[in-house]
Amino acid sequence: MPNWGGGKKCGVCQKTVYFAEEVQCEGNSFHKSCFLCMVCKKNLDSTTVAVHGEEIYCKSCYGKKYGPKGYGYGQGAGTLSTDKGESLGIKHEEAPGHRPTTNPNASKFAQKIGGSERCPRCSQAVYAAEKVIGAGKSWHKSCFRCAKCGKGLESTTLADKDGEIYCKGCYAKNFGPKGFGFGQGAGALVHSE
């Protein structure tokens, strides 16, 4: 069919795409309303689109349809592994830990000085403008970091042990289960003799 209007054709509906409604992706033009995942129909943008030939997908559906398959894939980011790569010649360096909590008396009364609480990491007064609450204590925003790797934390992404706070990854590495069979997920094969 001839293109009399001079506009580009949408990669999904094949109708003319005018400039005001155009989204471009890998040399193709789409209507904004047609720039959807072919499977789940979610709206896409330049950061969420994955292209396969002439088809467009969200990254999640693309991975399910065209990603690697088989044993060891699809376990997700939440699995634990104790392999540090020594068999491949990778040398593991421990990150320097942050200074542990120095406050031996963690009672609420002892932490209150002049109407403000003390930060368990630096023992300085914590005022409302810089206060973050985690593990039942008040911290400075700048002190609210993993005691091992220094990663900034949120009250929902921390784990605490012995008065110190850790990111979930460091907590799992240092205090989680260890040994063969842990962290493989529900569908893992179990080696038994």
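Glycine residues also receive a Cβ, built from the backbone N, Cα and C atoms like all the rest.
Keep in mind it's a predicted model, so treat the numbers as computed, not measured.
When LYS64, LYS108, LYS141, LYS161 are compared in Swiss-Prot, the N6-acetyllysine annotation sits on LYS161. Swiss-Prot gives the label N6-acetyllysine to one of LYS112, LYS178, namely LYS112.
Record note: of LYS131, LYS168, Swiss-Prot gives the feature N6-acetyllysine to LYS131, with no matching annotation on the rest. Looking up LYS65, LYS84 in Swiss-Prot for N6-acetyllysine, the annotated residue turns out to be LYS84.
Among the listed modified residues, namely LYS131, LYS137, LYS161, the Cβ with the most fellow Cβ atoms inside 10 Å is that of LYS137. For the motif 'Nuclear localization signal' (64-69), the residues of the chain that approach it from at least six positions outside its boundaries are 39, 52, 57, judged by C-beta separation under 8 angstroms. Rounded to a whole value, the Cα-Cα separation of LYS131 (N6-acetyllysine) and LYS137 (N6-acetyllysine) is 10 Å. When DSSP labels each residue, the domain 'LIM zinc-binding 2' (119-170) comes out as 9 helix, 20 strand, 23 coil, counted as helix, strand and coil in that order.
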